[in-house]
Amino acid sequence: MVVSATSRPGGGRGSGDPGGPPPPAGGGRGRVTPRLWVRLRRLGLPYLLILPALVLELLVHLIPMVIGIGMSFIKLTQLYIRNWSAAPSAGWSNYHLAVDFNAPVGRALLHSFFVTILFTVITVALSWFFGVAGAVLMQGEFRGRGVLRALFLVPYALPVYAGVITWSFLLQRESGLVNHVLVDQLHLFGDKPFWLIGSNSFISIIVVSLWRWWPFAFLVLMAGLQNIPRDLYEASAIDGAGWMRQLRSVTLPMLRPVNQVLVLVLFLWTFNDFNTPYVLFGKTAPQEADLISIHIYQSSFVTWNFGTGSAMSVLLLLFLLLVTAVYLVITSRRRSDA
Amino acid sequence: MRTRKPYVFAVAGALMFAAAACGNSNDSSSGGSASGGAGSSITYWASNQGTSLESDKQILQPELDRFTKETGIKVNLEVVPWSDLLNRILAAATSGKGPDVVNIGNTWSASLQATGAFVPLDDTQLNTLGGKARFLGPSLAATGAPGQPPVGAPLYSTAYALYYNKHMFKDAGIADAPKTWDELVADGKKLTKDGKWGLAVEGASVSENAHMIFTLGQQQGGDLFDSSGKPQFDSPANVAAVKQYLDFIASDKITNPSDAAYSNGTEALQDFIGGKAAMVMWQSASGTLKTGGMTPDDYGVAPIPLPDPSSGGKQIDSMVGGINISVFNSAANKDGALKFVKFMTSKQTQQDLNKAYGSLPTVTDAYDDPAFQTPEIKTYQQILANTAAPLPQVTNESQFETLVGNAMNQLFADAASGKPITDETVKAKLTEANQQMTS
């Protein structure tokens, strides 16, 4: 409304061609204002065009984030959830609680953090490895390639809940298929091991996560491979490069930009993944597989202490921002050096 | 004019989003009772008491229809699964947008009371429901912190009892249900053979574990919170209680180590139904047992063993389980909501619903129905009347359940994988849980 009202004086004048040459200088005071307006309008148009997207972005992403940060500075327990403004300020005490590694809460968070790092590094490395192997092996033409490719993508296409709940059935100690194969058929263990509690739960969550994420790596790398010119392979073959040499000197270097993004995205997604451990273990994960997303959920929702949970989330956000920034700086510098 | 169009679109778009965002927050007052105008309908969130959400709807609908006929108030029913109920209630409390009436687990009473989300029932309101004396004492005690007006009326009552398989007992030459813990362990050892086990437990269920440490701790003469409300999970009595429970797997070996991973609240009972375990400690299992094909000829119900009166422990063998019905402070139709609470606690409704669910009426006058004269119900009635105690009604009760239940999950995992369970290992875990009680 505001725009159309104020644009009226300029609107009559400039309705001809906004991209035309500016009116000659020194045309008197009366012409300066419209000229400024035209300029402003030309500058402002792109911003106005992205305004709807910006408003949505604010609503969907930024505002909840800002509220979350605000929550981390108040004592938001069940006593105050009806009226947040009445919650007493906590200052930095939620953060102190989270990073005081001598106290049980901080120690548990630190433990969970290290478990998550280890879990993420292993899962991302394996997902990437399987992705590269799958994509490279599927590159050559052979019968049944389409079927195999589709098959490999199934875990990624399945709804998380359906896939992971199936895994949790497979991993049951008494009646699960995994123990049936390992113990009853192959006799690898004397006693049936637990997969969903105790130390084996860490292996279980890695296997399930790997199953879930590697198809994404496969998909992205497969797309990346299509962009490598055939000539490079032909030229290197003429130079006598074998399959291994081609992989090392042509395929992998050419995939580097893809890898840069892929590894970062996989890292962030795996680190933050809530669904997989939640469906596999339920509301409380075993200590050995106490991933940070579940840990924070527990610290806020299950114990009704949303302030502490928010403080932990903010710390996590800062950590992931730092990792992302460092990673991007390092990988871009390497690329510009090359 | 050509150039102005994009501006108009952009601004209009932005305004539309803003308007949409505002619009949403403005019509909150109408809540769920928009249709037909205020006063003529209420929204009710029921908890999942039957075998499925669908069966709950079928059981409740005739009663709701009767309510509508009597009062002219329409009830919009939604049955909420247990896994979502607490989160839904918290979200409703936070936003001020929710149903008018809701079922809550009675162990949440004090915690939810502290949020101020529910209408407290003062003496006048309780009198319209028939007065305090009409309700079972222990059930009424589980409606909020002591000394404060309750934030709901008891709706269904349950307690823990020992279910045993009569055929397996007979085959093992055991005449009666065990009366002491020594007898229970001895019977369990006789019953544990050929891939069958004496007792089944839900070792990874947070709430079940929390309930058991409460009951067994009381039997050891301990309390979870001291008189000033400070947690003391690692007191010698509580350590002994946890160890006694873990020893079913660790040293008595009457419980399948696999039970350490049971968490969804059905697995132990399924083992009992399938004849893989001869005993199980459960709340109102008769409905599920019936669905599983067991009749009262196949199983018996007895109180969980009590401690020797000379030991100094309390004669408590169960927590007071149950469901309360509460009215939201933000209810659009508070009057209708309170009428509905009165209806749900009336004699007829109590008889109909508790019969259908296999739970116990919370009001004394409902017991004259022959359906509540069965041996199983009588056993429960006695447990509730004499030897049941409510879980601590403290504001951080749910935190207690989570922390202690979780600590026990981990100890169960250790016990199942053959790691030693000693007073020290148990105490260490409980101390850790104790220290994490923050608020």
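Backbone N, Cα and C define each Cβ position, glycine as well.
Noted in TrEMBL for the protein shown:
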REGION    A:1-30  region 'Disordered'
COMPBIAS  A:9-18  compositional bias 'Gly residues'
TRANSMEM  A:45-74  transmembrane segment
TRANSMEM  A:113-138  transmembrane segment
DOMAIN    A:113-327  domain 'ABC transmembrane type-1'
TRANSMEM  A:150-170  transmembrane segment
TRANSMEM  A:194-214  transmembrane segment
TRANSMEM  A:254-271  transmembrane segment
TRANSMEM  A:310-330  transmembrane segment
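Residues 115, 119, 122-124, 126-127, 130-131, 134, 155-156, 160, 163-164, 167-168, 171-173, 176, 178-179, 266, 269-270, 273, 276-277, 280-281, 285-286, 288-289, 291 of the same chain, all 6+ positions outside the transmembrane segment (A:194-214), place their C-beta atoms under 8 angstroms from a C-beta of that stretch. Under the criterion of 3 or more C-beta pairs below 8 Å, with sequence separation of 6 or more, the transmembrane segment (A:254-271) and the transmembrane segment (A:113-138) qualify as touching. Below 8 A, the CB atoms of the transmembrane segment (A:45-74) and the transmembrane segment (A:310-330) form 3+ pairs separated by six or more positions in the chain.
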